[in-house]
């Protein structure tokens, strides 16, 4: 048991003195306090141009947390979330997606800089966040962004009908279908072309945001010029059609980026790290590659300490879904289909940026791929986003951990993969033609995990006792001790180093000894009474009167001369309210009808005793209390005991196809044999269905054609008769003949143009 559990523990604090002697000779301790193999290139430190030394080559890439409060400033949730990454042993953590202007943001829950707030107000909110990020000496760099035309209507403080800004008035094209075009036009519209004054304002906003980040304690900033954001919009010819000083040539399109970097360098202290996130370009287009290389040289000369290579925009989100080629490889099940998306572009620009470390982000899913990229010199650092969300302790527990430990056998690097769940959008949503919808579906699981992590302040070992939920293990420095772990959703605890399920018979002390947690970090919480969701224990549940016919005074535990208070009433409502059934185990055991009847009596007692006139009438005359009235027939049927519906094994509990399968298996005492179908039979069924559909369509077409011909013949006949009558009326005839014709026409009109004898005779004579 101890060997099995211990094999998951890689925290240095869990190794005692005896275990230190057993470490392999090739094992060393890096700057993050992690035991790594001496020849592992991923674990070697690197020094940036600014003098900042990173302990290893793993970077927690920037992510959009989308959980900022209304004031757009980080709160305790951000501290909790980034504290997990700070404990993970990352070489650098990119705290992502901070918008430099609260008027232009990507989502309503983005962190941003509200320039109506003072510097002190912003620094006061950022400083605790930076302290949490910098825990354990982790180097944290804040990513600064401006979405430009990718800011939807209503997302910022600029107003619902105010336009977003962009280098040129070029609208987003998020799909070619009518639905995609309509949705894009509604959400984003056509941006307003920026004036020179607007550009100067954006440059100053980047500079102020960087200065505030430095004052708050961050080690640096990363200027986001990728993913289709404003600065990338200036760099690209697709969105920048200007002919002034900020467009027309590669150098002019890069001018705003150079100005932003120069302005930041002017306001931050020496040694402050300034990096850049850059989009990859199509290597098949020599023109695009040539322009990009020219721009990268200008940006490098402006002074950057690293360049992060990524890719994708809102129009083509390859940063999430990967390039088209990689997606096709993944569908075919080819190996390494998800390995680095943008490594080829990094290789192409590497010779043109000597001395500038390159970070490649996107698509790394194996330790082998990471190590080969670093060892081969194709990149200096590797950025991980989704794997970092799944496991914030990834460097410490997986990538940089030694191959051989005292707890288990050697694990080959080629067998170690990084989990990153891929969630496909439903077929019907794909037909809309908006790739961003697929991205939203795919990102939902990681978004949920980030929001789960923000609830936990700190924990590295988690013990889950399904059969004894009153016990828990938690870190002593957690304010809110983690309890009742078995009732929580499983994905909440993927952020913790280990989750162990044990039996009620397991010796808790022996288990803790086997895990060997550091005594200054962990302790076993004492057995606690089960807690309700409102925070009170079960022993606080008020007793129900023992008498079979309680009075309102009995129910609310009052004497006749006591002044009325709602304290007891509130307690009982929290317990017996129909929406809270099951929150208190002691009450949950009561039949459903009994709970409802008690709740009715509680409400009736409160209504009577809280009204002085009703209470006086009840005290003197004994009227107004309905607790003893016999139930009506309708109430008897409605409140009849129906707990049998909720008994285990009852068919009424089945809600899905899987429930019915399990129910039949339990009833029959065996698993039902599945019915398999060969490929030939399946193909035959498909062909038959197609033939049936074809015959049905052919029959419908023939019937429709026949009906059309009959309708056409009837219409031609009616038109011919009308023409014949009109011709006869207009011919030269005597007065008597015209009167006679008029009378017959009137007769025909009355009888819906039924042919008269005169018409028949005329047609026959003709």
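Note that Cβ sites are derived from N, Cα and C of the backbone, with glycine treated the same way.
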Need a hand: Swiss-Prot gives 61, 62, 63, 64, 385, 386 for FMN, which of 79, 99, 143, 368 is also on that list?
143
Of the residue ranges 675-695, 696-716, 717-737, the one that Swiss-Prot records as transmembrane segment:
675-695
Of all the recorded positions given, namely 136, 226, 650, which is spatially nearest to residue 64 (FMN binding site) at the Cα level?
226
Residue among binding-site residues 61, 64, 225, 385 with least C-beta crowding, 10 angstrom cut-off:
64
With helix taken as DSSP H, G or I, strand as E or B and everything else coil, how many residues of the domain 'J' (551-622) land in each class?
49 helix, 0 strand, 23 coil
Please list, in sequence order, every residue of the chain apart from 224, 225, 226, 227 whose Cβ lies within 8 Å of the Cβ centroid of the substrate site.
145, 228, 229, 231, 232, 277, 278, 279, 310
Residue 143 (FMN binding site) - helix vs strand vs coil (DSSP):
strand
Quick one: give me the count of other CB atoms within 10 A of the CB of residue 226 (substrate binding site).
24
In terms of Cα spacing, which of the binding-site residues 61, 63, 224, 385, 386 are within 10 angstroms of residue 136 (N-linked glycosylation site)?
none
Which of these recorded positions is closest to residue 385 (FMN binding site) if you go by CA atoms: 70, 225, 226?
226
List which of the recorded positions 70, 224, 227, 654 have their Cα within 10 Å of the Cα of residue 143 (FMN binding site), in sequence order.
224
Could you measure between residue 61 (FMN binding site) and residue 224 (substrate binding site) for me? Cα positions, answer in whole angstrom.
12
